[in-house]
Amino acid sequence: MLRALWLFWILVAITVLFSKRCSAQESLSCDASGVCDGRSRSFTSIPSGLTAAMKSLDLSFNKITYIGHGDLRACANLQVLILKSSRINTIEGDAFYSLGSLEHLDLSDNHLSSLSSSWFGPLSSLKYLNLMGNPYQTLGVTSLFPNLTNLQTLRIGNVETFSEIRRIDFAGLTSLNELEIKALSLRNYQSQSLKSIRDIHHLTLHLSESAFLLEIFADILSSVRYLELRDTNLARFQFSPLPVDEVSSPMKKLAFRGSVLTDESFNELLKLLRYILELSEVEFDDCTLNGLGDFNPSESDVVSELGKVETVTIRRLHIPQFYLFYDLSTVYSLLEKVKRITVENSKVFLVPCSFSQHLKSLEFLDLSENLMVEEYLKNSACKGAWPSLQTLVLSQNHLRSMQKTGEILLTLKNLTSLDISRNTFHPMPDSCQWPEKMRFLNLSSTGIRVVKTCIPQTLEVLDVSNNNLDSFSLFLPRLQELYISRNKLKTLPDASLFPVLLVMKIRENAVSTFSKDQLGSFPKLETLEAGDNHFVCSCELLSFTMETPALAQILVDWPDSYLCDSPPRLHGHRLQDARPSVLECHQAALVSGVCCALLLLILLVGALCHHFHGLWYLRMMWAWLQAKRKPKKAPCRDVCYDAFVSYSEQDSHWVENLMVQQLENSDPPFKLCLHKRDFVPGKWIIDNIIDSIEKSHKTVFVLSENFVRSEWCKYELDFSHFRLFDENNDAAILVLLEPIERKAIPQRFCKLRKIMNTKTYLEWPLDEGQQEVFWVNLRTAIKS
């Protein structure tokens, strides 16, 4: 029993593991181009079922601890393999043996405590290799990279354990586009370790201390074009002459990111510049300066050796005692030939006038995200300041008056571009003064509600994005580019305001439509961005977009950013795909069609009414309604006649001379109702007919050819027809005065025709011997 129980649990475990593996295999998704994504799928091993069709495989963020020699054998055409953060601690020596086409390999942030050169031997096509973030101390016993002749990007090292860089580490590498070394725990650097790489375009060094900086600098001086130092504490850096002969260093850019400096160490760093004669750009990002700016270069030749530095960039510089900071007079001469300076988000509130006057070559100055106000700006832009300045960026400072700002900058005679965006200005005045050469003005995110003539007429580029504008009516004759996105405009501005406009960006406004005429009114417009507006997909707009395939040449964000906001049935549809309904877009044609159809219907109904005696049925309905208002059966006291005689005027001789004489002079006599004698004068004929029939016990119809042609006889027959069949009253007596064709009786009297087929009627005999019998039968019928 116990054995069976163990066997059961083993089978359950195998089933669970197999189902998990199958589920994992199913979650590996590949597209038609061979790019497979297996990120964060809880794989515990390389998935099976890999094929030669795969070009890219990403298995990052899994739990793969081991890569065996056969796991990737099927991926002969694989070009990209990403195994980042997958807990890998063991890789077989020939695991990558079949990956001769591999160009990109990422093994970063795993648990590889040692590296093997056998992994990389077959990877002759490899261009990118990332080994960063693994807990190894060195790069292995032998050189890892002698066969990687095509390698362009290499990332190595870690934060805590990588402690030694040796000569053999980079043997075989002669040229790299990018080399990144994270060695924050570096304890030993073997001289000339990096010297074997003759050409490095961009070298990034993560060093916590500056102990080995001079040795490394000496090795890379002749090979690196862009050196980036990260997270380095340079507070204790001391310069000493480098053990190198005169060399022409190709280094163009030097960057410090996250570094710590002091006034003294800054002076020491300046001494390095004598070895970098071609240096043109220096950058400080997220650095800390523990000092007061008391820079005092001790060697006079430093000044001359800074001659080719044209760009200085400082971002987010933290100076704990910035309010005590010096005026930098000691470095004025160092920056005389600099053309571009950026000091961003560094609590700058003043550039001393004398410093500004020394920046004679400065063409570009960016003081974004600082503390500048008009009073201090006036001191900075004093007479003679920045004489060559063409572009000034004062974005996100504390400027308030547009008028004062313009007047202060009048001293900058060569200023052509001004960015004062993200300042909170007071309402725009009607007039302002600006430098006469100004061509570009950025007023985005300044909260302006109205654009006035304060804006200079000389502008070629104007940016008023992200404000509260609901209209734009300023004439700018030279304007070529207008950026007015994220406002409240409901339509495109009038084209006559910008006769030479080339580019307009009006995204995220309240524009509901635009037309062919509107776009055509801009004679030189080449680019329009009007997406993400509240478009009303009217017939005119949709018709225009469907009939103008060249829109994609002008609308750079067409078609994905152009969506219908209304009507509701088209909400969210692209203008390109939306189709208007016939009811909305062809109302005139639709109304015309409906009217024509209605007219045809009326004609058809009229023809049918004529053919099927519709008017007669209407008259019959009227008579029926009239009769319904009266009691269904007249009281006995209202029945005044034994019979109402309905006859044609042409048959009056027979009725008056024969029928009346025979019936009214009989014993007992019958009282007959004749229209000539008994109708009430002045009363409507139809009312007389109805009343006479209702007051008569019977109705005698004297049928003849004349009868069926008589109009009034038809009315009498109509109402009798109603009385006969609506009241189930057998009150009609048919007297056939002369033989008539049955088809002469109108089709509408279908029941009357049926009676003539099913019931006996009296026929006037021409034989005088039979006429007495006829009268006897008629009297009997009236009495019944």
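We count from 1, first residue shown onward.
Positions of Cβ are set from backbone N, Cα and C atoms, glycine also.
Since the structure is predicted, the reported quantities are computational estimates derived from the model, not experimental observations.
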- May I ask you to indicate which of 239-256, 473-490, 761-778 is given in Swiss-Prot as motif 'ATG16L1-binding motif'? 761-778
- Message: Cβ under 8 Å, sequence separation of at least 6 from the ends of the repeat 'LRR 15' (415-437): give me the contacting residues as numbers and ranges.
- Response: 368, 389-403, 405-407, 409, 443-456, 458, 463
- Distal contacts, the repeat 'LRR 13' (362-388) - CB-CB under 8 A, six or more residues away: 338-353, 356, 394-401, 404-405, 408-409, 411-414, 419
- Confidence over the topological domain 'Extracellular' (25-587), expressed as mean pLDDT on the 0 to 100 scale, is 91
- What DSSP reports for the repeat 'LRR 18' (479-500) is 3 helix, 3 strand, 16 coil
- Query: Can you count helix, strand and coil residues in the repeat 'LRR 13' (362-388) using DSSP?
  - Reply: 7 helix, 3 strand, 17 coil
